[in-house]
There are 2 protein chains.
Amino acid sequence: MNTLTSLTRSHFDPHSLNKDATLMASGNGYLGIRATLEEDYTHQTRGMFCAGFYHRAGEQETTELVNLPDVVGMQITLDGEPFSLLSGTLLSSRRELRYDCGELRRELVWLSPNGQRFAIESRRFLSARRLSCFAQQLSITPLSGPATITVTTGIDATQTNVGRQHLDEAQVRVFDRAHMQGIYATQDGAHQLTISSHCRVGDGAVTHFTAKNRRLTQCSSATVEKGQSFNLEKISWIAAWLDGSGQNNDISADGLRHLRDALGQGYDALLAESAASWTTFWTRSRVEVASDSPDDQQALDFALYHLFAMTPCHDARASIAAKGLTGEGYKGHVFWDTEVFLLPFFLVTRPGVARQLLRYRWYNLPGARQKAIQYGYQGALFPWESARSGDEETPAFAAINIRTGVRQRVASALAEHHLVADIAWAVVNYYQATQDGEFMAREGLDLLRETALFWMSRTVEVNGRLELHDVIGPDEYTEHVNNNAFTNYMAHYNVAQALAWLREWQLCDAAFESRAEDFLARLWLPQPDEQGVLAQDDTFMEKPSIDLTRYQARAGSQAILLDYSRAEVNEMQILKQADVVMLTYMLPGCFTPQQMAANLAFYQPRTIHDSSLSKAIHGIVAARCHDAASAYRFWHEGTQIDLGDDPHSCDDGIHAAATGAIWLGAVQGFAGLRLHDGALSLDPCLPSHWHEMQFPLVWHGQPLRIRLTHDAVAVTARSTLSLTLWGKQVVITGQHIFYRRDFFTGKAGSGTTEGAA
Amino acid sequence: MNTLTSLTRSHFDPHSLNKDATLMASGNGYLGIRATLEEDYTHQTRGMFCAGFYHRAGEQETTELVNLPDVVGMQITLDGEPFSLLSGTLLSSRRELRYDCGELRRELVWLSPNGQRFAIESRRFLSARRLSCFAQQLSITPLSGPATITVTTGIDATQTNVGRQHLDEAQVRVFDRAHMQGIYATQDGAHQLTISSHCRVGDGAVTHFTAKNRRLTQCSSATVEKGQSFNLEKISWIAAWLDGSGQNNDISADGLRHLRDALGQGYDALLAESAASWTTFWTRSRVEVASDSPDDQQALDFALYHLFAMTPCHDARASIAAKGLTGEGYKGHVFWDTEVFLLPFFLVTRPGVARQLLRYRWYNLPGARQKAIQYGYQGALFPWESARSGDEETPAFAAINIRTGVRQRVASALAEHHLVADIAWAVVNYYQATQDGEFMAREGLDLLRETALFWMSRTVEVNGRLELHDVIGPDEYTEHVNNNAFTNYMAHYNVAQALAWLREWQLCDAAFESRAEDFLARLWLPQPDEQGVLAQDDTFMEKPSIDLTRYQARAGSQAILLDYSRAEVNEMQILKQADVVMLTYMLPGCFTPQQMAANLAFYQPRTIHDSSLSKAIHGIVAARCHDAASAYRFWHEGTQIDLGDDPHSCDDGIHAAATGAIWLGAVQGFAGLRLHDGALSLDPCLPSHWHEMQFPLVWHGQPLRIRLTHDAVAVTARSTLSLTLWGKQVVITGQHIFYRRDFFTGKAGSGTTEGAA
């Protein structure tokens, strides 16, 4: 492996505090903790989130992922001067998030307003081994002369989700004059949380505790000689007790026991065991590239770091929120992003995690059935936005309409039904990649049958053919249309797959079979025109188009809505993301390469890419069309959604799907990996400045390693493997190098054994 | 009148942001709005409060005065640079709160980090006429060249009481593309709030509205030439609908109608009508002094400004919170402070307000009776801390005990019963000052009877005498004692007055009469020793004392509790405030001047003055002992509780009682005003550097004016008035000057008519 990169910052910029707090957040799938600075800043939003820890703050409110009490903040006073980078002078500064071990480090030298220099270092990490354990270290060294240093930190339960309170303080204690502990409960009583924290300071320090106004703090103070250091080590144990699981346990004693155990280890030992878990993750999933641009490896490591940090591998009742565990955005809800943009990574690196993500949907079938009944359908209509219960969580209203002064109903929950087929698509992919019959026999077939039933009940008959009316496709700028191509094709796929797999398992009753066959025969699938272009929906081609250049230049900002109302946008050829391009990505077997290219070309000038899901998919389709330059351009622009120059690109959390898309773009785009029809297929199209790319895979339970150059593909497999390479089937055992030229000169299938890849 | 002072600040100090936000707060008794700066700062706590608008955020929580959505904050961006005094350079700065009209003005010149100078002016006031109307003006002038100025402001409902959410957003709208309106409801549905806001900006500005994350804002942007101004005028109409009163009204339309009406007036006309109300207030209540120290007049004007701002004259179901309407401290609860420290001011300046404050208690008799029953007593046991319902609101637990790590029960609600007698004391004073028979016949006698019944049921019999056991006096550092002198004397006074006035009204039944006579005959009243010193309670004199000098130097900080536990403090002669000194103030007729002086001298070294109620009372008693120097020293130190140098003296709100005590100390201390036994009495003791003092009074419905010098007292009355001057009774009609020397040389009673005082 080439060395893991890290994310570094060498300047302090108050404008990008929240962006960096997101990008550099700690996470282990159970907890996520924003990388806020120790000291407070006006617009710095602290955040700690626990997977599945949702609550609804009131009848008019939306269920949201609770922003938990803060343990990161520290008020630092240096010889009476409050430490803040807005005062004094910052002489040097460096922050680094180490992807190899998940540790965040900060080093700086500060000249205080009264002329004293101080060196300040801090380190922190969330353990990848002990999921409840968060460790921090702070070291302050006066460089100009002796100084009195005071640090106040503890558990701050004044945190809210922008003013919405979710937690009541149930108990606040200090045990053994050393261990702070707060116990909190959601206001509905469903979930409990214990935070136990200990701050170890040097012998010379004077400490006292205060509990006031929802803040439990330890204030530690010492006078330190020049060149000596004031050291503070803070270990916190943060344990959520979901769904009443804490009611019959002594959650206070449990928290203290685990805290004491972690304290017995100390920061360095805890870090070492956590780093070992990170090493395992990287070994099993890292994508390495030899690129002329170091940004490319950086983006891939960034993406995978967050894919680890955001994914609740420990609990099949939780899934991945649209912002992971890094911010309050999208209320922590789960969208189709999970199945389409995130699950594919796990599918071929940690299939067990992919199975859990699908189990989350399976557990939530009751809510999906209920929603279907509510709208007069059959089967399972999964909620557009989902939390823990599986109920529909989409807020009823969106932001205020600037022209009419009224808030607009959110139509997604009413009509954005493609999610149902997306889940079926992920189920089929999962089975094809894993051959996990146990899952398919129970959860998989349940999901396929119920989603198919939904579609079969969703149609209207028009002159003998079945149509899907009043839907919204992935392009949310076009609402309430008939026969959205993406939706119709995906619905067809869903029913076809359900029928096929139920037959395969001999679980298909006659009624279902005849109904499905009728559906498949009569569902209207819009066809491409002579140029290969497929209309997005029945009325799309009749709408006027405008020049979108200036909106494309501000992609992601939704600037179009400052100039046009949603209703006006709906009546023009203005796409948030291109449904048909997305469709050619999802179901490549349905379209010829020429059709893919035609649709990419047709929709591109009509697409703003205001969705963070858009560019990466365009990039993959471009790669499949063997347009490496466009593919890279789209992919690179996709990496900039979070990592780009905009200081507010991700203030309220990471674009989880966009990080998944960085991996997707590399592996499904440049490496050309496809799981089509149960076969593993590679058709590489490396950017010209990428000299080599390699990554591990798991396929049908077997670990593989793939190494690509412009000329060759090296595959390492433990046992016999059949795959499609440059369109031709090959079979290997062990390690083989395949040369591109051989496939285009008739020598396909030959390979050369080599050393370790 | 000499010119009204104002409160000014010519520097920006981030440390005293919250203190100044309290001191310079706007208020009209209905609403209070903290004087936060337009721009945000990390530790700046915004606050808007409405009298009576309480809510309890959860079962474990305490009812509190809700911190309402903010309308003050404005995000200002100057050529892309966020305006903050922590960056760039502040070239000049001045803030002024004008006591004459309640307007807060701010002027500054700022050099932005990119080298441009801007002049910024803002003005704001809360109308004293239209209680729901808050008006703001902002003017920004680029001084270096043209600049693009952006201001974002609106209604920010992310406000919480340190993390506790009270309000749900019920509706957020923008009407006529101009008027923002948020409707909020307490989570229990009891109260509603509408805030309607309009921002008028110049024609050239581009504006748009956003509603997101509980913030409804208007963003206004314009490019302005050098020397030209960007002007914004914001009028807000803030209307609370308490106790469900909004349910059957169209509160949205009501808010818009009033907003439009206020907009029709405009800032300057609204200010003029509000200033007229302030003029009336000052004419009826101002205390003027000719002092060598300008701080003295400043302190008096400050105190009276806040006495106006904090007092809900519009609603007898509301009373004065311990921090007025200026902060979250003490949860906005009502204590004995109201009757003992605040009501006396209104009693002799606006007796109708005093009556309303007593009605508040009368309305809350059901809760007080309930509490008495709960603890096995009769009559009315008023809650130690009271909100709107009249239920006991004292939190069950105080801050964590630093030694044991556990939270301590708050004993006040269990044993600090003297409040009951304090209310009776205020009732008697009210009647004596007003002769308001209508009030006495109903509310007054109800209150006297019920409070007396409580005391008669509160005793224990010990060897034939009645004692009051397990009480807490005003000195909260001494808990659970027997026969606290303050409590026993006040209980005796309460029953004696109830008996007397019920007899006077011929409403005293035989059972009450005989019970009261027995109580009065047998209640143990501890007696002073030979030196005249009265023991604070049965065990006080046996406790050890320590040197308190260093704690007295930090009076108000409760620093003693960092060194000793509450239990330890309880077992020493350590007083938060001196009960016996307080008693000699409350019931001066019970003690000789020599006894007053002896107790003042004995208790002073044993008193830390950690209560903000302490020093002013000591000062009044010193004045009554004719020790002008000590009296002034105590009074002046009392003025420093809020106004002193401590940058955090009143972060969480004004010390309401301490502002009342500034007036008390001047009028009851230096002017020697007493209402003893129904007679108006003056016995001046002016500080040596005060050359003259004058103030208006209302006595038995008659307006008076008093003017004092060291040598003479001038009294102006419209009709015949009998008063006691320097211990001798005089009768006047019209205007008289009395010379001190005449009273001590046997010429008492002579007067000289003069021109207007």
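The backbone N, Cα and C atoms fix where each Cβ goes, glycine too.
What TrEMBL records for A:E476 is active site, proton donor. The Cβ of A:E476 (active site, proton donor) has 19 other Cβ atoms within 10 Å, all protein chains considered.
Within 10 Å of the C-beta atom of A:Q577 (substrate binding site) sit 23 other C-beta atoms, taking all shown protein chains into account. DSSP assigns A:Q577 (substrate binding site) to coil, not to a helix or a strand. The substrate binding site annotation in TrEMBL covers A:W336, A:D337, A:K576, A:Q577.
Residues annotated as domain 'Glycoside hydrolase family 65 N-terminal' in TrEMBL: A:9-238.
The domain 'Glycoside hydrolase family 65 central catalytic' annotation in TrEMBL covers A:301-663. Along the domain 'Glycoside hydrolase family 65 central catalytic' (A:301-663), the predicted structure has mean pLDDT 94.
Annotated domain 'Glycoside hydrolase family 65 C-terminal' per TrEMBL: A:673-730, in sequence order.
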Report summary line: Cβ neighbour count (10 Å, all chains) around A:K576 (substrate binding site) is 22
Report summary line: CA pair A:W336 (substrate binding site) / A:E476 (active site, proton donor), Å rounded to integer, equals 13
Query raised in the report: When DSSP states are grouped into helix, strand and coil, how many residues of the domain 'Glycoside hydrolase family 65 C-terminal' (A:673-730) land in each?
Result: 3 helix, 37 strand, 18 coil
Query raised in the report: What kind of secondary structure is A:E476 (active site, proton donor) part of, going by DSSP in three states?
Result: coil
Query raised in the report: Which of the three DSSP-derived classes (helix, strand, coil) applies to A:D337 (substrate binding site)?
Result: helix
Report summary line: If you measure between the CA atoms of A:Q577 (substrate binding site) and A:E476 (active site, proton donor) and round to the nearest Å, you get 8
Requested in this report: Whole-number Å only: compute the distance from the Cα of A:E476 (active site, proton donor) to the Cα of A:K576 (substrate binding site).
Outcome: 6
Report summary line: Residues near A:D337 (substrate binding site) by Cβ (under 8 Å) yet at least 6 apart in sequence within the same chain, in sequence order, are A:I320, A:A322, A:L613, A:A656, A:A657, A:G660
Report summary line: Near substrate: residues not in A:W336, A:D337, A:K576, A:Q577 with Cβ within 8 Å of the site Cβ centroid are A:F335, A:P474, A:E476, A:M582, A:S611, A:S612, A:L613, A:S614, A:A657
